[in-house]
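Working notes, structure below.
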Amino acid sequence: MIKHYFIAACAAVMTLSAAAASAQNAPVDQQLVKRGEYLAKAGDCVACHTAKGGKPFAGGLPMATPIGTVYSSNITPDKDHGIGSYTEDDFDKALRHGIRKDGASLYPAMPYPSYAKVKPADVKALYAYFMNGVQADPTPNRGVDIVWPLSMRWPLSIWRKVFAPNVVADGADDNSPIVRGKYLVEGLGHCGACHTPRGIGMQEKALTDDSTQFLSGGVVEGYLANNLRGDARDGLGSWSEQDIAVFLKTGRNSHSAAFGGMADVVANSTQYMTDEDLTAMAKYLKSLKPVKDGVAPLAYDDKTHQALRKGSDQSPGAMGFLNNCAACHRSSGKGWTETFPTLAQSATVNAGNPASLIKIVLAGGEMPWTHKAPTQFAMPAFGSRLSDQEVAEIVTFIRSSWGNNAGAVSASDVAKVRKDLPKQTADAANATVAKQ
Ligand code: HEC
Ligand code: HEC
Ligand code: HEC
């Protein structure tokens, strides 16, 4: 009897190992790999997992957190330094639960609270891509630059339990555009990681549209990632569905042009998404209620234009604008569509928080390169040419001209933004100005 069992067990083990071996040699499902590649674009994995000048996905990009610097991991299929030894389950644990293969918790600099919304079927495709469609690279992972005891990872598991949402199941397929758009915006797109304000624990104040905090505007790297809700003045209230889709595809439209972190999002991620998915995201964003109801959109007012043309406004702000900005943005404030963005009725100009407005004047900006719009128009940096007081005057002038209606900016507001400019940006700024 015992012998019998033994033989049966042996047979079972042999069948299992044969199955495992054949699974290893099974032809790779290229269609699944392709779909994974698309999803990796939608998730913008490359942006954080590639260091300046490094191999794609080999990690090592420094990311500032309130307690020190964290480096992104090597997620190429290298067996020793990457995730080559990860099973699909290990990969899922890291991607959606924030847990590394060795059991340690990840820093939420990895946006796993957003990726928790990715369906298992899509995780499978992503895994197939990272194992079979990405070149292995042996770049070792870097430790964190955080001093002990803050460098201990166990408190991260508490953070995870308090703030990370449950992961989703596959569920029934609902391909209506708003459902698809919500899925992409909340999940892989991790738009909220930048566009939702953060709370005391650095957690996003909402991960889904059960609160008007969701996508109501956040600050990243000193830029304001604008309110993406229906607010008419500082949100997307006056943008059409088409305007949003075009912006995500080309990085520019008649309202604005992408700069700062958003230029990278467009360049690495959204420009590669299908028109169908972009329209779905736009439809979903247009369904978000404004933070504040009943605020009328701003209307263009020609008075400023006339005063600048007649020379009847000699205030320092008006003169500063004419001397430094009007060549591109024009005395009408309307710029040239898709070349020099309009300053009239711009959400960036009218936002309560002037961070982006001040920073782009000090540091300049460059539109992203996209297949659909390959010309990268740039704005020079004025940081080394204009004093805090001069920037404050110009920016205040812009915020109250052409029908714009936003509060004054002081020299000390500008000084704060200037102080936080990375040295590199300040140097680049000097170089840009010096060349002219
Ligand atoms: C906003 C930046 C950011 C984005 C976007 C991002 N990651 Fe990460 N990821 C990180 C950081 C930072 C870490 C390391 C965190 C740590 O060490 O605690 C990490 C860690 C990981 C790990 C764990 C590796 C290990 O050592 O176990 C995996 C797997 C991973 N990311 C996969 C992905 C995939 C797949 C995507 C795209 C769908 C992605 N990441 C997008 C920042 C990012
Ligand atoms: C890495 C941070 C980051 C991520 C992730 C991000 N954004 Fe942005 N976004 C920004 C910043 C910063 C700005 C402000 C600069 C600008 O207008 O280009 C911005 C601006 C925008 C604007 C222009 C708003 C206006 O009024 O001018 C739109 C639309 C937008 N983002 C949509 C999205 C969508 C949709 C996603 C997710 C697919 C997303 N963003 C993900 C940082 C980010
Ligand atoms: C040489 C032409 C040029 C000059 C001069 C110039 N800009 Fe710009 N400006 C641009 C371009 C191009 C962009 C788009 C940059 C991007 O998307 O990265 C831009 C973007 C902006 C934006 C962001 C608008 C939005 O919503 O996307 C603001 C605000 C702005 N400029 C203000 C100013 C101010 C204030 C001055 C003068 C101190 C100035 N600019 C001078 C070309 C210029």
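These residue numbers are counts, starting from 1, taken along the chain as shown.
For all residues, glycine too, the Cβ spot is worked out from N, Cα and C.
Over in TrEMBL, the protein carries these features:
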SIGNAL    1-20  signal peptide
DOMAIN    31-134  domain 'Cytochrome c'
DOMAIN    176-289  domain 'Cytochrome c'
DOMAIN    312-402  domain 'Cytochrome c'
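Counting residues per DSSP class in helix, strand and coil order gives 45 helix, 12 strand, 47 coil for the domain 'Cytochrome c' (31-134). When averaged over the domain 'Cytochrome c' (312-402), pLDDT in the model lands at 97. Helix, strand and coil counts from DSSP across the domain 'Cytochrome c' (176-289) read 47 helix, 10 strand, 57 coil.
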